[in-house]
Amino acid sequence: MAVEGAGLQDFSAVYVLQPVAAADWLVVAPVVWCILMGAVLLMLRKRTDLQPLIAIPALVVLALMTLGLLAHVLTSGTVTMTMGRWLPPFGISFTADLLGAFFAATSSLVALATGIYGRSDVDDSGRRYGFYPFLMLMMAGIIGAFLTGDIFNLYVWFEVLLISSFGLLVLGSERLQLDGGIKYAFLNLIATTLFLVATGYLYGLFGTLNMADIAVKASELRGTAPLMTLVALYLLAFAMKAAAFPVNFWLPASYHTPRLAVGGIFAGLLTKVGVYALLRILGMLFPVEREELSFIIAVAAALTMVLGVLGAMAQNDMRRAMGYLVISGIGMMMAGLALGSPAGLSGAIFYAAHSMVVMTALYFAVGIGAQLGGDFRLTASGGLYARSAAISALTLMLFFSVAGLPPFSGFWPKVMLVKASLDIGAWWLAAAMLLTGFLTTITVARIWVLAYWRPAKSEAEETAIVAPPAVGAVVALVGLVALTTAAGVWPEPLVVLAQDAARGLIDPSSYILSVFPGEAAQ
Amino acid sequence: MEPIFALLVGALFTVAIYLFLSKHIIRVLMGAAILSNGVNLLIFTAGRVTREVPPIIPHGADTLTGAAANPLPQALILTAIVISFSFFAFLLVLSYRTFHELKTDDSDEMRVAEPVGEPVPPLGY
């Protein structure tokens with residue numbers, strides 16, 4: 001099959017003749033599985049009784065696949081699979097490095113919890129609107145974005161998750177949801193179009209869209225090509241996706257309108273895909289330009305976290321307060337990106353994984369609390385502790401975790417980030433982080449005191465439970481709380497994982513070698 | 001050819017941004033449609049504009065002999081058109097439904113999800 005004769009360049013190496021190793025199939029298996037199960041569920045859309053029975057085992061399989069992929073990447077390094085047996089930069093490759101595999105594994109655990117929680121939270125009409133098919137297809141988009149090694153494909157996966165998230169957002173087509181959905185849809189569409197603009201320029205400059213190829217060529221083009229413009233465009237597009245200040249206003253406008261299961265997985269995963277893209281493109285492909293922009297990113301990060309938590313303090317509706325806490329957490333991750341040091345990036349990676357689990361769990365906890373007490377408004381709620389001490393205790397653990405208090409998982413990445421910013425003398429960034437932690441503590445403490453600790457308005461209401469929470473919802477909540485507690489009391493493996501992932505971003509040589517194995521031999 | 005395309009892309013972007021600044025969602029939707037067309041032309045221009053022969057390697061040769069048109073931007077644009085068209089269709093339906101439910105297409109008046117004058121959380125109990 002190799003090209004014979006005297007060509008200008010010998011491209012015979014681009015033909016891959018040996019079959020793909022069985023374990024390498026894990027790179028694409030999660031995405032293929034999600035699309036397949038999404039299609040099956042879509043066909044059985046009207047059998048609402050069957051939907052969770054198929055979807056939950058499918059999500060268990062997805063979690064096993066991504067955990068298997070993470071184990072495979074941990075033992076044998078970055079894995080690449082190229083479509084159509086054409087080696088890059090010609091073919092399109094899926095590349096799973098430690099960062100992508102770690103995020104994929106965490107997000108599939110969160111999706112599993114959402115599937116279980118959604119069993120009781122999403123009623124028949126929501127299922128007929130397609131909750132489970134959209135959930136599977138959105139996971140295909142999210143995991144595809146984490147694992148793809150091609151920037152144009154990153155755009156395509158963003159669109160896949162976005163169109164599914166539109167479907168999830170308007171599940172039921174209530175007035176509230178349409179109002180929130182239209183702001184979410186328009187602003188996210190503009191952000192992805194900006195991403196496509198930047199990608200068009202990138203293709204014009206580099207002539208390639210493969211991330212490993214770009215990482216190699218960036219140093220050659222630096223100095224002649226307007227890379228700063230390009231990176232600034234990417235920063236704007238992904239900051240909008242990640243809901244960083246000042247392009248974050250779509251998030252508090254829309255995240256409280258869908259069902260709690262949907263709000264939970266949105267809060268957990270969607271903004272983190274933006275953070276992942278920032279880490280990948282700014283952190284790995286254009287480190288020099290990121291360094292130039294680091295002050296702007298740091299200021300945006302500090303404003304995001306402080307203004308986010310101030311927004312949370314001002315809310316009477318618990319769900320809206322949670323939406324602002326999501327924004328505040330994004331600020332912490334942006335701060336890690338701005339620092340750019342191994343410690344900063346690993347802090348950002350750890351914080352992102354922590355935030356995926358905790359923000360989803362917080363939405364679930366608020367949902368169960370509102371079921372017990374019947375209201376999301378702080379002015380109207382109270383007495384949840386008398387109704388269920390166990391749920392209140394679980395919620396308090398999550399509140400501790402989101403505020404970054406030990407022994408829960410929010411504490412360690414915060415320590416890493418504060419130390420990383422003090423190391424380079426950015427005392428104001430460290431101060432913003434600590435101030436955010438303090439204000440978050442006040443915010444969640446007030447929610448806990450008012451909604452949980454405060455006695456109910458009247459004696460009769462004191463122990464009257466509006467609706468007992470479903471077993472599945474509690475199981476999902478307990479599972480996520482167990483994850484954050486385990487990560488908090490035994491953080492060493494995750495810290496090592498995050499540090500290795502950050503090292504892979506700063507020095508992408510193993511990523512490049514995995515995509516271009518031919519160059520290893522030369 | 002490139003300068004003309006660049007000016008055209010710039011003009012389309014300007015129009016799109018002007019429409020985005022409107023309060024009425026139908027105009028914003030038009031802006032989104034124009035912006036996606038502008039981006040498609042941008043990718044087309046970035047992949048060099050040339051009228052030369054299609055990139056087919058003649059019989060007996062191993063490489064392209066002369067300048068040839070770049071086929072990749074067309075593949076990229078095709079993908080982008082499919083995606084942006086489906087988005088446009090979805091947004092059109094969403095806007096229509098919203099207009100019917102909320103009786104307005106003025107984004108200033110869409111305050112169902114974020115009502116004006118919400119009460120502050122209680123400061124003590």
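Cβ coordinates are placed from backbone N, Cα and C, and glycine is handled just like the others.
Just so you know, TrEMBL annotations never went through curation; they're auto-generated.
With a threshold of 8 Å between CB atoms, the same-chain residues lying at least 6 positions outside the transmembrane segment (A:25-44) that come near it are 50-51, 54-55, 58, 61-62, 65-66, 68-69, 72, 79-81, 94-96, 104, 108, 130, 132-134, 136-137, 139-140, 143-144, 147. Per TrEMBL, transmembrane segment is recorded for A:25-44 (among others).
If you look up TrEMBL, you'll see A:53-74 (among others) marked as transmembrane segment.
Marked as transmembrane segment by TrEMBL: A:94-117 (among others).
Taken from TrEMBL, the feature transmembrane segment applies to A:129-148 (among others).
Annotation comment: TrEMBL describes A:150-440 as domain 'NADH:quinone oxidoreductase/Mrp antiporter transmembrane'.
For A:226-251 (among others), the entry in TrEMBL reads transmembrane segment.
Look at TrEMBL and you will find A:260-281 (among others) tagged as transmembrane segment.
Away from its own ends, the transmembrane segment (A:293-314) comes close to residues 228, 231-232, 235, 239, 244-246, 248, 252, 282, 321-322, 324-335, 337-340, 426, 428-429, 432-433, 435-436, 439-440, 442-443, 446 of its chain (Cβ-Cβ under 8 Å, at least six residues beyond either end). The transmembrane segment annotation in TrEMBL covers A:293-314 (among others).
Residues or ranges marked as transmembrane segment in TrEMBL: A:321-343 (among others). Counting same-chain residues at least six beyond the ends of the transmembrane segment (A:321-343), those with a Cβ under 8 angstroms from any Cβ of the stretch are 239, 242-245, 248, 251-252, 255-256, 263, 267, 271-272, 275, 278-279, 282-283, 287, 290-291, 294-295, 297-298, 300-309, 311-313, 315, 349, 351-352, 355, 359, 362-363, 366, 402, 413-414, 416-417, 419-421, 423-424, 426, 429, 432-433, 436, 440, 443-444, 447, 499, 502-503, 506.
Marked as transmembrane segment by TrEMBL: A:349-372 (among others). A Cβ distance under 8 Å defines the sequence-distant neighbours of the transmembrane segment (A:349-372), meaning residues of its chain 6+ beyond its ends; these are 99, 102-103, 106-107, 109-110, 113-114, 117, 121, 260-261, 263-265, 267-269, 272, 275-276, 279, 318-319, 322, 325-326, 329, 332-333, 336, 381, 384, 387-388, 391, 394-395, 398-399, 401-402, 409-410, 412-414, 416-417, 451-452, 465-469, 473-474, 476-477, 480-481, 483-484, 487, 494-495, 498, 501-502.
Within the chain, the transmembrane segment (A:384-405) has long-range Cβ neighbours (under 8 A, six or more residues past its boundaries) at 325, 329, 354, 358-359, 361-362, 365-366, 368-369, 372-373, 411, 414, 437, 440-441, 444-445, 447-448, 451-453, 455-456, 462-465, 469, 474, 477-478, 481, 484-485, 488. TrEMBL lists A:384-405 (among others) with the feature transmembrane segment.
For A:425-453 (among others), the entry in TrEMBL reads transmembrane segment.
The feature transmembrane segment is assigned by TrEMBL to A:465-490 (among others). Here the transmembrane segment (A:465-490) has Cβ contacts under 8 Å with residues 109-110, 113-114, 116-117, 119-121, 353-354, 357-358, 360-361, 364-365, 367-368, 371-374, 387-388, 391, 394, 397-398, 401, 406-412 of the same chain, all six or more residues outside its ends.
Scored by C-beta pairs under 8 angstroms, the transmembrane segment (A:226-251) has its highest count with A:260-281, from the stretches A:53-74, A:94-117, A:129-148, A:260-281. Long-range Cβ contacts of the transmembrane segment (A:129-148) within its own chain (Cβ-Cβ under 8 Å, at least 6 residues beyond either end) map to 27-28, 30-31, 34-35, 37-39, 41-42, 45, 51-52, 54-55, 58-59, 62, 66, 94-96, 100-101, 103-104, 107-108, 111, 114-115, 118, 122, 154, 156-162, 164-165, 167-168, 170-173, 259, 261-262, 265, 269-270, 273, 276-277.
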